[in-house]
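As given in TrEMBL:
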- 14-46: repeat 'ANK' (REPEAT)
- 47-79: repeat 'ANK' (REPEAT)
- 80-112: repeat 'ANK' (REPEAT)
- 154-186: repeat 'ANK' (REPEAT)
- 186-213: repeat 'ANK' (REPEAT)
Amino acid sequence: MEADHMTSRTTPRAVFSALHHAALTGTTELLSALLEAQATVDIKDSNGMRPLHYAAWQGKAESVLTLLRSGASVNGASVDGHIPLHLAAQYGHYRVSEMLLQHQSNPCLVNKAKKTPLDLACEFGRVQVAQLLLSSNMVVALLEGERKEQTDSAFTTPLHLAARNGHKDIIELLLKASIDINKTTKSGTALHEASLYGKTEVVRLLLDVGPSVWVAFSWRSSGLSCFSLQAGVDVNIRNTYNQTALDIVNQFTTSHASRDIKQLLRGARLRSWFPNLRANVGSSRSRVTGE
């Protein structure tokens, strides 16, 4: 995102004020002088970008603090639906993101692309900012996508975005936060995304979580039994087009990575059909070798 692009996307040309410039460049003395001279703290350019947006985008912490103390709108949205926290999260500015949250920025707000600040942090691999957002008291709402319409074609999750872009460390954070590993969008699960985009190590990580299998428990005295779902990745889930992750790899990819992914998915599918296969193989080996 370049400054001239951001300020000239619409007609008439964006009104890029002195306050916008001071916020963008982090010139705090000029910023303070303009505010003392009664400059409008939330002046917008024609893209709806306020000075706080520019300061957050560039990670100018002192400018952000000055604007917030002068009453800048922390949740004011641009034409594209970005609040300052979206920009700070996308570009990995931890300190600025922390300031915005401390001033009641709402991390659940979505932009026009239906993405939250957490979505952007996960999409672009901003580990520290993602961790910060996951530690907020709105983490459940963030992970469950309460502000999103799941029937929307643009619906996605932080896990899907991280998987598509190969961000293993982000995925590990999300799994620790108990995100639903089998959440589906129109294109399928995070496993579909990682498989399609050739992210072998992400596929391996997701499969290591284990299969979703029904485990039976019984009480011999009463003859009663119950079943409990052991949470894990489900390799047999199909997307809107009736494709499993393996179907997608077979149909759309031919790279070296796809060959490895096919092997991983075939093995996982086999284990999902025969969950005791590995245990039986292990016990048979023990009997033969005496281990």
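Placed from the backbone N, Cα and C atoms, the Cβ positions cover glycine too.
Automatic, uncurated: that is what TrEMBL annotation is.
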- Note on the structure: Helix, strand and coil residue totals from DSSP for the repeat 'ANK' (47-79) stand at 17 helix, 0 strand, 16 coil
- Across the repeat 'ANK' (80-112), DSSP labelling yields 16 helix, 0 strand, 17 coil
